[in-house]
Amino acid sequence: MVGALVGITLSISYVLGPLLGGGISAGWTWRGIFWINVPCGALALIGIYSLWPDDRRQQYEGWTGIRKIDFLGNFLLIVASILLVFGVQEAGSYVWKWSSPVIIWSLVIAGLSWILLGVWETYLFYGRNHHIQPIFPVRLATGRVYLSTIIVTFLTGLVYIALVIKIPERFQVIYGDSALRAGIHLLPMLGSCAFGSTLAGSISKKRNLTSHTLAAGNSLQVIGLGLVYGFSHTTERGDIRYILGFTAIYGFGVGLCFAACTMIAAIEARHGDLAAAQGAVAQVRVLGGSLGLGICTIIFNDILQRSLGPATEAGRFPATVLDQLHRSPLAVFMLPPEQQALVKTVYSDAFRFQMLLMVAVAAVAVLASLGTYRSKPPAVVDTMIHHKELAARPSDTELESASSVRSLVRGVS
């Protein structure tokens with residue numbers, strides 16, 4: 001039961017974020033979104049500490065346990081991820097020019113950090129520092145099935161997280177919806193995504209069909225995104241119901257992929273690499289989403305600049321508003337009605353191109369999912385039982401992760 005909720009929780013959190021964020025910012029202030037994380041995080045921390053079963057608590061290892069932490073690997077990963085996303089999003093939003101030293105150095109340092117991370121993790125794998133547990137064991141990258149899962153997760157996150165932001169934004173810009181109402185339009189995608197996550201575990205209950213589930217989920221994403229693309233240029237409010245239905249199809253495919261990737265990562269990883277394997281899946285999903293959002297911003301601003309840049313230079317469009325539009329399309333409401341219509345047309349063109357790109361990315365994910373196929377895959381439940389037996393040893397720390405994935409396969413009781 002607990003494991004089956006993993007995929008559902010992931011799906012709900014990604015969609016409820018914009019929904020609650022819209023409600024908080026509309027009824028209070030956008031700063032409240034950050035303040036509310038403090039009590040929620042504290043409550044979760046207290047709950048985990050007080051309710052965690054005593055028989056699953058690990059003995060404190062002192063300095064020996066601290067020495068196992070891959071501090072350098074963690075540092076390089078943080079620097080590489082943050083600076084890469086920062087460079088893409090800040091330059092894409094016209095906060096800095098691509099040629100500015102801030103962006104150039106951010107991207108250069110990010111690239112060097114990724115290279116150094118690969119070198120360091122390879123050294124840990126082939127070197128003699130066996131007391132350090134690498135943040136990403138190199139042997140995971142040598143497995144075809146796991147590597148394909150990482151690629152699929154990255155591409156799925158790239159589209160999904162970007163779409164979670166862009167769908168409500170479109171309803172606000174084109175139809176003038178409030179932040180809360182725009183967030184409510186995500187609920188069909190939320191419900192179908194949660195259902196897909198639950199169903200994926202049940203599908204592989206008796207036989208390992210995770211690769212089939214992954215391919216089917218990505219195919220549904222292509223279908224749903226393709227249908228949304230077909231209606232991406234419409235401005236008729238009556239067409240909203242079609243768009244919501246198409247996002248539900250897409251969300252169902254995402255839910256299947258979320259759960260399938262979680263199970264495949266657990267199946268393909270050695271027991272000692274289980275935590276790192278699951279952590280890598282979570283990391284690339286969020287990284288892909290951040291880059292996807294940055295790419296969408298670049299597309300919009302490029303089309304906006306080419307469409308309204310000449311009018312701004314000629315004095316027919318306010319330069320200050322164009323600058324604010326580069327940072328947020330919602331600045332459109334600062335304009336008079338006739339200029340709003342012009343910006344909405346540009347936004348609609350950009351959204352259509354963004355959707356076309358997302359369809360292409362989802363299609364690549366379908367091809368990548370084929371790399372997870374095995375003619376004789378290992379039994380899911382048996383593999384998870386093996387993980388649990390190894391986790392029962394005092395030196396192991398992945399009991400909860402293995403138990404959760406096993407429950408995911410067995411489905412909701």
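In case you wondered, yes, glycine gets a Cβ from its N, Cα and C as well.
Look at TrEMBL and you will find 5-26 (among others) tagged as transmembrane segment.
Taken from TrEMBL, the feature transmembrane segment applies to 32-52 (among others). For the transmembrane segment (32-52), the list of distant contacts is 20-21, 24-25: same-chain residues at least six beyond its ends, Cβ to Cβ under 8 Å.
Per TrEMBL, the feature transmembrane segment maps to 72-96 (among others).
The feature transmembrane segment is assigned by TrEMBL to 102-124 (among others).
Annotation source TrEMBL lists transmembrane segment at 145-167 (among others).
Summarising the annotation, TrEMBL assigns transmembrane segment to 179-201 (among others).
Taken from TrEMBL, the feature transmembrane segment covers 213-231 (among others). Long-range Cβ contacts of the transmembrane segment (213-231) within its own chain (Cβ-Cβ under 8 Å, at least 6 residues beyond either end) map to 149, 152, 156, 159, 196, 200, 203-204, 239, 242-243, 246-257, 259-261, 264, 352, 355-356, 358-359, 362-363, 365-366, 369-370, 372-373.
What TrEMBL lists as transmembrane segment is 243-267 (among others).
Under the heading transmembrane segment, TrEMBL lists 279-300 (among others). Within its own chain, the transmembrane segment (279-300) has Cβ neighbours under 8 Å at 77, 81, 84-85, 88-89, 91-93, 135-136, 140, 149-150, 153-162, 165-166, 261-262, 265, 329, 347, 350-351, 353-354, 357-358, 361, counting only residues six or more beyond its boundaries.
The transmembrane segment annotation in TrEMBL covers 351-370 (among others).
A contact between the transmembrane segment (145-167) and the transmembrane segment (102-124) is absent, since fewer than 3 of their C-beta pairs, 6 or more residues apart, lie under 8 Å.
Long-range Cβ contacts of the transmembrane segment (243-267) within its own chain (Cβ-Cβ under 8 Å, at least 6 residues beyond either end) map to 6-7, 10-11, 145-146, 149, 152-153, 156, 160, 163, 167, 185-186, 188-201, 204, 208, 210-211, 213-214, 216-221, 223-225, 227-228, 231, 274, 277-278, 280-281, 365, 369, 372, 377-378, 380, 383-384, 387, 401-402, 405, 408-409.
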